[in-house]
């Protein structure tokens with residue numbers, strides 16, 4: 001296997017000159033024909049089915065199943081993408097190539113156009129039934145920043161640079177962009193040594209993360225070698241790991257976060273596929289001098305050369321009562337200390353079976369600069385310095401009515417940029 | 001609502017004089033007709049379906065669907081118990097009463113007997129598709145014992161008596177009794193300060209737990225009040241939370257156990273229903289003098305009066321190459337510091353939605369005596385004092401070929417005891 005074969009190759013579907021006959025698609029910031037993300041949609045009260053986003057439209061794949069490759073077609077007539085995620089890489093690639101052809105060739109237009117729906121007329125659903133959701137902690141700058149607040153004496157624990165730290169999250173409360181985020185109650189203490197009380201969180205925060213969708217992976221009791229991990233990474237999304245920091249501080253010892261996180265997690269509804277991401281693979285940044293080398297089960301030269309992603313990440317806050325979202329942070333996926341393939345190799349090394357439809361979170365991806373912090377806890381330096389908004393309001397934590405919008409753009413010289421779509425959530429009382 | 005109405009009442013199905021026409025059932029230690037646990041079985045390569053255990057037999061409920069109550073019958077023609085778990089309490093009760101009648105009345109025998117299968121000819125399957133698996137930490141003596149090893153200076157953390165500590169576990173690797181347990185590899189350090197290596201765990205341990213099956217519960221964003229929690233607790237099982245302690249010690253800070261636990265969890269395959277447990281409800285033991293009272297959302301007088309279970313818990317070890325299982329621990333469910341209803345109320349208080357088929361683990365239930373410890377880490381006082389077996393072998397941790405068998409018996413004066421069935425797992429390399 002050559003290095004370049006680990007991940008889908010760049011092919012004619014990534015040609016920046018490729019143009020779709022779908023009106024407006026070529027100019028769409030997120031979903032030009034070079035992207036072709038998959039999701040689950042319904043229209044007019046119908047059943048949820050697989051669709052592909054193209055500009056401001058959605059193509060109903062169940063309706064055009066007869067025009068899609070035979071092999072794997074059945075996976076597209078489901079109300080979730082779990083079966084798609086279980087396909088082999090060559091089946092997923094064949095689907096992409098066919099979709100690209102159908103949406104760019106004028107001679108296909110007449111057959112396809114009747115099955116396009118305006119995105120604004122579609123209802124989006126969870127893209128997959130998530131079997132297990134695991135959240136990692138790969139954002140090393142976030143780990144240092146957060147650790148400084150919870151454990152000033154040793155912010156980065158001795159295991160951090162050896163173990164891709166992660167924990168199991170709650171699958172049932174992962175929801176798509178746009179679902180309101182109810183402010184949770186939980187046990188909090190107003191001061192050290194006082195008795196706890198049940199109260200709505202006063203320290204509601206967001207976390208800027210990426211999500212990685214898992215496909216066919218390993219059987220129980222068998223590890224998935226890092227060389228094969230890319231085959232199991234079928235797509236990505238944005239992920240907001242809403243956090244109640246006061247609840248977290250009181251509950252998290254010794255078994256980790258629980259109610260502080262499990263009330264709601266927001267993801268973007270479109271699965272931007274591994275195939276679409278081919279032009280945007282970059283080398284994992286070299287580890288700083290003095291950092292330990294990854295253990296052999298976490299090291300693959302091809303992964304180091306191609307396993308990271310060139311993705312700009314953005315956070316904007318639309319404050320309560322406001323009309324304009326204010327950019328509050330900008331980061332980049334290369335601030336992940338571990339690659340997605342390393343996460344898969346680690347997760348499975350003890351024999352834990354990963355399944356199609358599992359979701360892995362990156363952990364908060366902060367940049368090592370004040371403008372690149374992926375949570376309010378970091379921006380306010382542990383609730384000490386409020387951030388000030390252009391309209392004069394200030395924030396330590398999120399207030400009812402505030403909306404957080406995450407976005408991401410993949411870009412590379414000579415290629416058409418693609419986006420991940422919306423990942424918005426508004427806080428309600 | 002009177003206190004006694006929180007949980008299913010004792011009725012004629014619990015009559016100790018009740019006798020089944022099924023041969024041997026009256027003498028069966030676990031599954032007399034007073035029990036009637038539900039599971040998923042298949043015979044002769046057929047499809048998995050719902051069955052009820054009666055003595056050494058299993059009754060195929062899909063085959064006798066026409067004789068079961070109309071209301072809720074559809075839930076029994078599924079390959080999992082998720083739909084059963086979603087039924088209303090009165091539907092579940094009606095099913096139990098009907099099954100009791102069918103298996104005790106001689107005049108029903110002719111219609112029913114053809115659909116009985118010898119248990120030894122049945123293959124058992126996972127009783128439910130587990131949406132989310134949460135493991136709690138309610139065994140206070142275990143928490144003290146384990147904390148003494150990991151954190152000698154403060155074994156029981158300040159939050160323990162206020163917060164029902166729990167964390168999210170791995171749903172995909174929960175398996176039924178009898179599935180071999182592959183010894184996991186993971187990152188371990190041979191000594192403090194040395195570099196970690198990837199190696200098979202040298203500290204494989206078991207944990208004696210109960211599992212609580214969740215039924216219809218709360219909607220996203222809404223808490224389930226403790227008064228309504230009993231309706232959502234549809235049944236119980238045994239649970240062995242296999243643990244790789246050397247992996248756990250190195251990985252667990254700051255987000256809790258991950259690979260140390262997610263390689264395998266064994267449960268007993270039969271769901272012993274809330275209705276069957278009616279005679280075995282007891283008062284939650286009074287908290288020791290000086291312990292804080294539970295916060296109001298965790299307190300319900302009826303739960304304190306009836307919410308605990310009279311269940312003797314047993315651990316036996318069949319050592320590698322041995323022929324006889326050796327009892328190594330005996331504990332009791334009343335050593336849970338929190339009741340199952342308190343776990344449900346806490347889990348949902350921030351709005352996390354619980355779903356039919358979710359599984360809650362109790363955490364290791366150790367008794368406060370040397371003969372009642374629910375893990376080897378406790379029995380060996382942190383790997384210092386090996387346990388000695390009758391044949392002269394000794395153990396610090398589990399060896400390949402060792403088998404751990406958990407069992408449990410519910411008993412109450414004047415009632416027929418019932419058991420939870422087998423929860424066995426043998427370690428393989």
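The backbone N, Cα and C atoms fix where each Cβ goes, glycine too.
All protein chains considered, the CB of residue B:142 (active site, proton acceptor) has 28 other CB atoms within 10 Å. Annotation note: residue B:142 (active site, proton acceptor) sits in a helical segment as assigned by DSSP. The active site, proton acceptor annotation in TrEMBL covers B:142.
Within 10 Å of the C-beta of residue B:207 (Ca(2+) binding site) we count 29 further C-beta atoms, all protein chains included. In the three-state DSSP scheme, residue B:207 (Ca(2+) binding site) is classed as coil. Annotated Ca(2+) binding site per TrEMBL: B:135, B:207, B:209, B:241, in sequence order.
Annotation source TrEMBL lists substrate binding site at B:137, B:151, B:248, B:252, B:364. In the three-state DSSP scheme, residue B:151 (substrate binding site) falls into the coil class.
Per TrEMBL, the feature Mg(2+) binding site maps to B:241, B:261, B:265. Using a 10 Å radius centred on the Cβ of residue B:265 (Mg(2+) binding site) and all shown protein chains, the other Cβ atoms total 28.
Sequence annotations record features per position, and here TrEMBL assigns domain 'Fumarylacetoacetase N-terminal' to B:34-127.
Residues annotated as domain 'Fumarylacetoacetase-like C-terminal' in TrEMBL: B:141-428.
Close to residue B:364 (substrate binding site) in the fold, though at least 6 residues off in sequence, lie B:139, B:142, B:146, B:207, B:208, B:209, B:241, B:374, B:375, each with a CB less than 8 Å from its CB.
A count of other CB atoms within 10 A of each Cβ picks out B:209 as the most crowded of the binding-site residues B:135, B:209. In this structure, the CA atom of residue B:151 (substrate binding site) is 19 Å away from the CA atom of residue B:261 (Mg(2+) binding site). Summary: among the binding-site residues (B:151, B:261), the fewest other C-beta atoms within 10 A of the C-beta are counted at B:151. Using a cut-off of under 8 A between C-beta atoms, the binding-site residues B:137, B:207, B:209, B:261, B:265 that neighbour chain A are B:137. Looking only at Cα atoms, residue B:265 (Mg(2+) binding site) sits nearest to B:135 among the binding-site residues B:135, B:137, B:248, B:252. Each residue in the domain 'Fumarylacetoacetase N-terminal' (B:34-127) has a pLDDT score, and their mean in this model is 96.
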